[in-house]
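Student: Dropping a structure here in structure tokens format, bear with me for questions.
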Amino acid sequence: MLIIYIAGFVVCMGLALLLTPFVKKFAIKIGATDVPNARKVHTKIMPRLGGLGIFLAFVLGLLAVLPIIPYDFTPREANFIKALLCGGGLIVLIGGLDDRFELSAKVKLLGQIAAACIVVFGFGITVDFVNIPFHNSYSSLESWIAIPLTIFWIVGVTNAVNLIDGLDGLAAGVSGIAIATIAVMAFLMGNTMVALLCLLLLGSILGFLFFNFHPAKIFMGDTGSLFLGFCLALLALLGFKQIAVVSFITPLLIIGVPLSDTFFAIVRRKLQKKPIFAPDKGHLHHCLRELGFSHRQTVLIIYGIAAFFGILAVIQTSASLYEANWVTFVVICVMLFFLQIGAEITGVISKTKRPVIDLFLRMRMKVGQERGSKL
């Protein structure tokens, strides 16, 4: 099976490398391009639609690998793959139309809800239970809660990845790190189907990143960011659905960067009394650029943050397998502390309010004064 994993990964990477140049030419031919403006970092017209290369590489790689898998999928696993392909196909269609015609936010949202409904009503995939942190049990959910919660999760994560797509290679790289994290967790839990899907998707992302990392030759556009967000939502959803020992915290950690950036954006816009969907230049990557980091440095810093969240997720999962509930508490505390410090340093919520950092500075000043008085 390991050979199949490696072969699938390599095949998808190779397909993405081969297909992306053709997608680039196609995007330019049909006018799916991104024009610079005040909010955007790039200074020249760039082809979009690059996510189509990721999608095609993933689908073709999956079709190539399926016949040689030495076991049959369970009905639930087969349903999950169908949901991923059907819902993902609709998401790619919506993203492609937006890359070409710039659809309104309402139309895109309706398309995302439709894709989520395909998953929920077409294939019966919902959050049936949530695991309770610090307690070795889980709580079943009634369908009237499970269905809207699942739709909200899929739409929310899909949009969260879309929001961080502001620098060359950023959304693709962060998504790749999250996918790699899920793959590691799947291996730990013996979930071969999820591990295979993650490796195929990861290979497709890495092949595309060759053209998308700074300086980018093509943007993945909403075609890519929405598709990767949709895939992340479904793959992370298995943390709720299938493994009873994994708390609901784990999926949140896996996609910590896009979710936290989205959360901070909502808080920031509420404090500034702006509509929550109003675009601004207060996202994490904008703030890091304002601090003086280069384009490449900013992307690598956010990669590091995503990897940090991924490591926390793996630690949390491993601890849950051994019922070490105290680790969950430590992980939550570490996550919240670094989120707060990071938000204050970068100014993603406010450029002036820094309560924790100011507290440390006051404590440091007080200690210095006490030492000075003793001298």
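Heads up, the Cβ atoms here are built off N, Cα and C, so glycines get one too.
Straight from TrEMBL, here's the annotation block:
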type: TRANSMEM; residues: 6-23; note: transmembrane segment
type: TRANSMEM; residues: 49-68; note: transmembrane segment
type: TRANSMEM; residues: 80-97; note: transmembrane segment
type: TRANSMEM; residues: 109-132; note: transmembrane segment
type: TRANSMEM; residues: 144-163; note: transmembrane segment
type: TRANSMEM; residues: 170-188; note: transmembrane segment
type: TRANSMEM; residues: 194-211; note: transmembrane segment
type: TRANSMEM; residues: 218-238; note: transmembrane segment
type: TRANSMEM; residues: 244-267; note: transmembrane segment
type: TRANSMEM; residues: 299-319; note: transmembrane segment
type: TRANSMEM; residues: 325-345; note: transmembrane segment
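In the displayed structure, how are the listed features positioned relative to their neighbours?
Tutor: Tertiary proximity for the transmembrane segment (49-68) is limited to same-chain residues at least six positions away from its ends with a CB under 8 Å from its CB atoms, namely 4, 7-8, 11-13, 15-16, 19-20, 22-24, 26-27, 32, 81, 85, 88-89, 92, 95-96, 99-100, 172, 196-197, 200-201, 203-205, 207-208, 211-212, 218-228.
Counting same-chain residues at least six beyond the ends of the transmembrane segment (80-97), those with a Cβ under 8 angstroms from any Cβ of the stretch are 32, 49, 51-52, 55, 59, 62, 73, 103, 107-108, 111-112, 114-116, 118-119, 122-123, 125, 154, 158, 193, 197, 221-227, 230-231, 234, 238.
Sequence-distant contacts of the transmembrane segment (144-163), counting only residues of its own chain at least 6 positions beyond either end whose CB sits under 8 Å from a CB of the stretch, comprise 87, 91, 109, 112-113, 115-117, 119-120, 125-128, 171, 174-175, 222, 225-226, 228-230, 232-234, 236-237, 255, 258-259, 261-262, 265, 283.
Outside the transmembrane segment (170-188), and at least 6 residues removed from its termini, the chain residues within Cβ reach (under 8 Å) are 54, 161-162, 164, 194-195, 198-199, 201-202, 205-206, 208-209, 212-213, 220, 224-225, 228-229, 231-232, 235-236, 239, 246, 250, 254-255, 257-258, 285, 299, 302-303, 306-307, 309-310, 313-314, 317-318, 321.
If one looks beyond the transmembrane segment (194-211) by at least 6 residues along the same chain, the residues whose Cβ comes under 8 Å of a Cβ in the stretch are 4-5, 8-17, 20-21, 24, 50-51, 53-55, 57-58, 61-62, 65, 69, 81, 84, 169, 172-173, 175-176, 179-180, 182-183, 186-187, 217-218, 220, 224, 228, 231, 235, 238.
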